[in-house]
Amino acid sequence: MRLIFKRLDKFRTDLYSVLHGGLPGFGLSMGRLRITIDPLLPLVVILLAWILSDRYYPQIMFTQADWVYWTMGITSSVFLTISIFFHEFGHALAARQLKLPLERIHLYLFGGMAELKQRPMRPVEELVIALAGPLASIVFALLAWLLAEVTHPSNNEVFLVLQFVFYMNLLLCLFNLLPIFPLDGGRALRSVLWHFKRYFFKASILTFYISMTVIVLIMAAAGILLITEGASTAFWAGLLAAYLWYTAYAGRDELVYRPDFEDLIFRINHDPRPEAVIRQIHRMDSRYVPNAVIPVTRNGKLESVILGKELGSIPGPDDTLEDMHRPAERGYYVDLADEATYRYGVKLKAEFLPVLHQGDLIGMSDAHEIRFWLLQHKDSFLPTELQHSSSP
């Protein structure tokens, strides 16, 4: 499971270019579920099939034709890939039940990830989503075991393939439950720490240190195994530790990234007219416009809004949109001075939402991210210039 972050101040990373073609791979859709696959994944499937057909199955069964071993190897490799997808689908299903939008499921060379558009707002949500993947692997393992019981001993080849799928899914479950971020166990650990610490960013930092500690312990175990068990066992333990270290290093940005207030604010340029704001967002990326709530101001005060999803086209320099103005009801904006405007949600999952301070427009931000940030910094969140403006 993975979360994609957006920096609204400078847009150093274009979210849409990454998720809609920026990463190599090819995609397909299952209803509203988007799936992308690394173009090299088929090569890994073939390589694994060769290893299984040439090294694994010939050692546990004998006097079979090569095509039988190859059939078993290919089938096992394909089912292992399906198992990984099923694991990630568990995350996706849990996120959907919690009404958290999913960007895609991506299958890469040695695993997969479910990418969420928005972070969970509560510890229990992160815990449920994190554990849904391992639970899906257990379900898949049980299905393989039941089918293996039905086929054995009438069809030994099918039984051995299903036995392999059973053990691999158990291994996939146990591996992902290691308390190392960004594995599922690491996310579950953070959710528990978040619950007790009451502060997401502090829990994230603590999770990072625990993850590194666990990896160091695995490395120490590899050193002990080198002395007691020999080089072969120590090699695999060391390889596991190296892979986990790489995984934790790759996920550190998501874990320790703590945005400042300015990182979340998109500043409107010198022309505050709603038509100009729409064009400013459109120049950045047209796909943001339908998910925007456009502010209509008078003397810097929010008067009404325009919903981007109701726009038929991008207005020109001489166009006006007065007939599209809506009342600025609570839910269409966030006011830093009024906690009720962000504690109880917004009407739209807007990627651009007006951000106010005592009614004055500051800029715009992603509705979900600004709410989360404010709730985590509710005791001292105001930037310096706003603190001064709030002073009597």
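Keep in mind that glycine also has a Cβ here, set from the backbone N, Cα and C atoms.
Residues annotated as transmembrane segment in TrEMBL: 35-52 (among others).
As annotated by TrEMBL, transmembrane segment applies to 67-86 (among others). Within the same chain, residues 35, 41, 45-46, 48-54, 56-58, 105, 107, 111-112, 136-137, 139-140, 144, 157, 160-161, 164-165, 168-169, 172 sit at least 6 positions outside the transmembrane segment (67-86) and bring their C-beta atoms closer than 8 Å to a C-beta of that stretch.
As annotated by TrEMBL, domain 'Peptidase M50' applies to 78-148 (among others). When averaged over the domain 'Peptidase M50' (78-148), pLDDT in the model lands at 90.
What TrEMBL records for 127-148 (among others) is transmembrane segment. For the transmembrane segment (127-148), the list of distant contacts is 1, 79, 83, 86-91, 93-95, 98, 100, 114, 116, 120, 158-159, 162-163, 165-167, 169-170, 172-173, 176-177, 184-185, 187-188, 191-192: same-chain residues at least six beyond its ends, Cβ to Cβ under 8 Å.
Here TrEMBL flags 157-218 (among others) as domain 'Peptidase M50'.
The transmembrane segment feature in TrEMBL is assigned to 160-178 (among others).
Long-range contacts of the transmembrane segment (199-227) within the same chain, counting only residues at least 6 positions beyond its ends with a Cβ under 8 Å from a Cβ of the stretch, are 178-181, 186, 189-191, 193, 233-234, 237-238, 240-241, 244-245, 248, 252, 255-256, 258, 372, 376. Per TrEMBL, transmembrane segment is recorded for 199-227 (among others).
The transmembrane segment feature in TrEMBL is assigned to 233-251 (among others). Below 8 angstroms of C-beta separation, residues 2, 178, 180-183, 186, 208, 211-212, 214-215, 218-219, 221-223, 225-226 of the same chain, each at least six residues beyond the ends of the transmembrane segment (233-251), sit close to that stretch.
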